[in-house]
Amino acid sequence: MNLGPGQTNFGQGNQQMRKSLFAPYLPQASIPPLLAASKLVIGVLRVNKRNRSDAYVATDALDSDIYICGSKDRNRALEGDVVAVELLDVDEVWGTKKEKEEKKRKKEENQAFDPRIQQNTRREDKKRDDVEVEGQGLVLFEEEEVTDEQRPNFAGHIVAVVERMPGQLFSGTLGLLRPSSAATKEKQEAERREREGVDLRGGQREEQRPKIVWHRPTDKRVPLIAIPVDQAPADFLQDPNKYSSTLFIAGIKRWPITSLHPFGTLVEELGPIGDIEVETNALLRDCNFSSEEFSENVVRCLPPVPWTIPDREYEVRRDFRSQTVFTIDPETAKDLDDALHVTKNEDGTYDVGVHIADVTYFVKPNTALDREARKRATTVYLVQRAVPMLPPSLSEQLCSLTPGQDKLTFSVVFKLTPEAKIIDTWFGKSIICSSAKLHYSQAQAMLVDDSASPELKIEKEGTASSQVYEAVRLLGHLSRQLRKRRFEDGCLRIDNIKLNFKLDEDGLPDDCQIAVSAEANQLVEEFMLLANTAVANKIAAGLPEQALLRRHEQPIDRRIEGFVKRAKKLGFEVDTSSAGALMKSFQAIEIEGKAPHFVMQLMATKAMVKAKYFCAGALDIAKWPHYALNIPLYTHFTSPIRRFADVMVHRQLEAVLLSACDIKFSMDPDTISKSAQHCNVKRDAARMAEEQSQHLFLCLLIADLTAKYGPVVRDATVIGVWDEAFDVAVPDFAIEKRVHVDQMPIDNHVHDEHSNTLKLYWKQGVDVVSYLSEHSTDAHLHSVRHHAERHAKLMEASSQSVQAESALFDDDEDDVVQHPLKAVGGKVSEREKKSSQRMKSVEMMGAKGKSSLKWGKAVEKIEAAPGVTHCVQTIRELETVPVIVTADTSKSPPVLKIFAVCLFFYGEV
């Protein structure tokens, strides 16, 4: 949807009276010649989450991002828009920015002396917004902060929105009054009284029905949207508070140059904030995905199930049904799109087959099915379900490589030496019949123990379990050599940190743990990488202008330099001269332990750029390589059921194989480039949806644990120290958060820049939850305090009957689990503490210690200040501190918050 200049429903006279706040967009037809003349640059807009006045445009045309200063230069463009930018003088833009900041500072100073204005309101609102934004993800986002020392290399303003995601929708809440950080509460109250017909001079006015209501998107980068009042619920004007915790979906229809805010349409009322399905539907819409069923037009493109392979396919395809073929997937997987086989030849070489579901046999170009798959571009894997790219009858039945059934595949067969070096490669259409569906755990058991023989369900007649055992172990042997050589050749592996959740019968989270990549996962990964690389080389040679490839750029200099500096502050020397050198640095850090490796992995991931699909003819060959894999060519071929890019690559490989001399492929480079960009956008969006789903379920889990067992306390590793806060990573939950000093019961804090430490002067005898709830109107904090008090009373009541089982713990006093919070307002007696600890240990045997921990080394880092009533804690990087993890599910998305724990309250010192 391209936004046209001045589109509005206002009358002509009214339009002329209204002042233009934005520049009109350039006509679309004028953009190509201006691009050709290098007067404009095309790129994708990214808005700073913490400071929405700052935005950046990422473009392949320049070696760094373009800085966009303020809403006027952003010119109504939204996050993710493809925009045309005119470059401006950086010094002029910077000077204008400094002038605006100075005016704002003086205005705030003047308001400080105005008794009619609550001077702290705006500052507090901004701080609250920042904390919410920080808490709405698993890790802290890092955006380049422009400063006098680090000015941007390029600056510009947006002159046109070239492309916007069609049908883009936003979740949010409805309000009657426009929230405005610039307006005081008094002004908002006056606006409300005017709406209700109260004359401020004392008289009664005729009540005026408002024409619009405001949709406030949950994504704070999206502006408020004006919605016609007749689209709101019928009783909204009478009781707007009734809907304050209800999520609505809205879309932007137009944004005139005369309006600060866009006008839109209310699409749907989703339901109450905090409900799993409501929140899930909201995050899908925000990421531009829908969980709607496939249309009849799409489904009609598929043959009816059950379906039989035509005889001709057996004649023209290579037959692998006599081989011991099998799949290795997660236990719950239904869309099995890759299978393997291995055969030892008489000359000592091996044939390894990588067999991929032949999706393009069913998904024909330019059909309704093809268009729908192209639009969706990827399957989205949420915690509780998947949103498929293809209809389930295709992904789970027709194409899925179900054992015991003949299936159409596209295969890559490698002839390997005993050292796993490639001698020859064959590509072609094929037919397989899988012998068994292995779970990763079953394959792992075979790999770690040569004598292991886990029970397998063999579906193909004539295949014995022993044949599968032998094949898995042989593939394991070859994959180890492939992997060893890849790392020796200088590749880099940084695993994405992911949580796995255990759900109860109602679909609610019961437990979680960090996903671990075992050798069975690595076995599959090695052969998929081998196939993808081989296909990339094949299509790049056959279609040098049209090949759809995947590249990974080197890290941006500023980011990698920042990563090296932070690593050095933490005591780690990191070599970033190449991907291989960085990998060796990680391997050295891994020896230091779990926490340092987790922290460095987190930091390095943020320094990297994302891999992208591209059309070979659109980029110079120097930009083709894949940095992390350290190879010149790469693509995606092995997952066509869940990625549309792989579907395109299948079509390209088929074209190359069918026409060895005069190769023809129907799509031109420009169309392929657009499809590649669409796949990039949807892949990033899918990753965001998956992360938000994990975040949602983690918040629900933490809220549930808090309600059952009291505040959730975990060990955290300090990874950054600032003057007003410190950053921590909590490995148990794979989260990274900021702990703010204004959220602690302290008398003072001192930041030492030289040692980069933060001294906290704690109030003695005051626990953090009590303190915060007493000094805040936040209902979430009051709820946490309520659960803490209730749980402490339960522990106290339970301690009355603890003698009977106390003998069970006589020998493990050093291993007892500490009670995270005691009844608010008092210290814990030694007898009460031990009784509570023992009862907590009994309880935690069933609850797996989810809500408390042993303080461990944290106590050693705390020192009492002699001769004074307060106590001092010194926060240092890479040290372990206990924190309270809470989740506010009354917000959408829910907000993860972390608070420091004052151990002095529990008599630890």
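For all residues, glycine too, the Cβ spot is worked out from N, Cα and C.
Model, not experiment: these values are computed from the prediction.
Here is what TrEMBL says about this protein:
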- Asp329, Asp338: Mg(2+) binding site (BINDING)
- 98-110: compositional bias 'Basic and acidic residues' (COMPBIAS)
- 121-130: compositional bias 'Basic and acidic residues' (COMPBIAS)
- 184-206: compositional bias 'Basic and acidic residues' (COMPBIAS)
- 317-659: domain 'RNB' (DOMAIN)
- 98-130: region 'Disordered' (REGION)
- 180-206: region 'Disordered' (REGION)
- Asp337: site 'Important for catalytic activity' (SITE)
In angstrom units, rounded to an integer, how far apart are the Cα atoms of Asp337 (site 'Important for catalytic activity') and Asp329 (Mg(2+) binding site)? 10
Using a Cβ cut-off under 8 Å and a sequence separation of 6 or more, which residues in the same chain sit near Asp329 (Mg(2+) binding site)? Leu336, Lys437, Leu438, His439, Tyr440
Measure the Cβ-based neighbour count of Asp337 (site 'Important for catalytic activity'), defined as the other Cβ atoms within 10 Å of its Cβ. 24
Residues near Asp338 (Mg(2+) binding site) in space but at least six apart in sequence (CB under 8 A): Thr327, Val354, His355, Ile356, Ala357, Leu401, Val524, Met528, Thr638, Ser639
